[in-house]
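Asker: One structure follows; several queries about it will come next.
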């Protein structure tokens, strides 16, 4: 929905001057105004920008708190003390937020989702491969049955590998981590 500055201020329950300040901080504008012409904002883009801004501010607060706790010297923190527990909680919150941001940005993908996608792709590939011998036979009627059998055998092997792809993801992840660590 496209709105002017006054309406956007009402949506966020802030003063229109706050919207102007946000513009200087990067609030996206659907069309910039000029003398006598109002600026127009896309509410979806504005809400997304605001949410990201708030997330960044919260992350910065958590990082600062974490740095303050580290400055207090991690070695001074004794398990069971309130400072130690606060440090653990803050660190866990910061890590969780960074992981959430990475997931939202598409940098991190859950293994279950990746496995599901890989299995779907493998099924589609297998479906195409199974039709290859019939396509060859129709396109080249003179092809010998022994040649078709060889093609069918190789396609069956490839289809079996594709079918097991979802089962192999865990092992492949371990292989990747070992290779990445070396």
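Start at 1 and count along the chain as shown; that gives each residue its number.
Positions of Cβ are set from backbone N, Cα and C atoms, glycine also.
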Asker: What range among 51-105, 106-160 does Swiss-Prot describe as coiled coil?
Answerer: 51-105
Asker: Quick check on the binding-site residues: of 33, 36, whose CB has the lowest count of neighbouring CB atoms inside 10 Å?
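Answerer: The binding-site residues 33, 36 were compared, and 36 has the fewest Cβ atoms within 10 Å.
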Asker: Looking at the binding-site residues 32, 35, which one has the fewest other Cβ atoms within 10 Å of its own Cβ?
Answerer: 35
Asker: Counting other Cβ atoms within 10 Å of each Cβ, which of the binding-site residues 31, 34 scores lowest?
Answerer: 34
Asker: Quick check: with 31, 32, 33, 34, 35, 36 left out, which same-chain residues have Cβ atoms within 8 Å of the centroid of the ATP site Cβ atoms?
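Answerer: For the ATP site the neighbour list reads 37, 38, 39.
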